[in-house]
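Take this structure first; my questions come after.
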Amino acid sequence: MYLDQIKAELVEAQDLLNKFISDENNIKLIQEAALLISNSFKQGGKVLSCGNGGSHCDAMHFAEELTGRYRENRPGYPAIAISDASHLSCVSNDFGYEYVFSRYVEAVGQKGDVLFGLSTSGNSKNILNAIEAAKTKGMKVIAMTGKDGGKMAGLADVEIRIPHFRYADRIQEIHIKVIHILMMLIEFEMAKQA
């Protein structure tokens, strides 16, 4: 009944992953992001992650694997997904949803920390504001985007961009793969210090 559609979905996902892998710069950017985060941890810094919708779930997933575990039993790493419901509702109500992440960065972020922002369009105003707040605080910024990078193109210290222009879910599929690779590399790098 749906076998052709199922296969087409899997082939499209495979094609996008192959396209992403074929650009050697993407591989280098993933390594750069992992080292940036690891170096922050080694210097006493932390990661603040944020996103909207499915990207919000990915931001939480990343923070959970940093504080909890990925593949290895090891100490937890300092990470916070900006997801506290009372903070989000307070700032949305009092200031506007475009400030929900930047207010948190202003309150909690410190020089040497890393902001990890996800936006499939690269145009999320609340992530753009968080990037601006992070830079003001002396934080490093990693942006995971899609399409042409949107307004976030060129703003981050490291931008990992998925060049897909159709559906956000395809971009998110690569984002979660990259997050898992980052976790693996961070665990490798932090184990050197242990």
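For all residues, glycine too, the Cβ spot is worked out from N, Cα and C.
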Pick the one from Gln5, Gln172 that Swiss-Prot also lists for the substrate site with Asn52, Gly53, Gly54, Glu65, Asn93, Asp94, Ser119, Thr120, Ser121, Ser124.
Gln172
Could you say which of the binding-site residues Asn52, Asn93, Ser119, Ser121, Gln172 has its Cβ with the most other Cβ atoms inside 10 Å?
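Result for the most crowded candidate: Ser119.
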Which one of these binding-site residues has the most other Cβ atoms within 10 Å of its own Cβ: His61, His180?
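Ranked by Cβ atoms within 10 Å, first place goes to His61.
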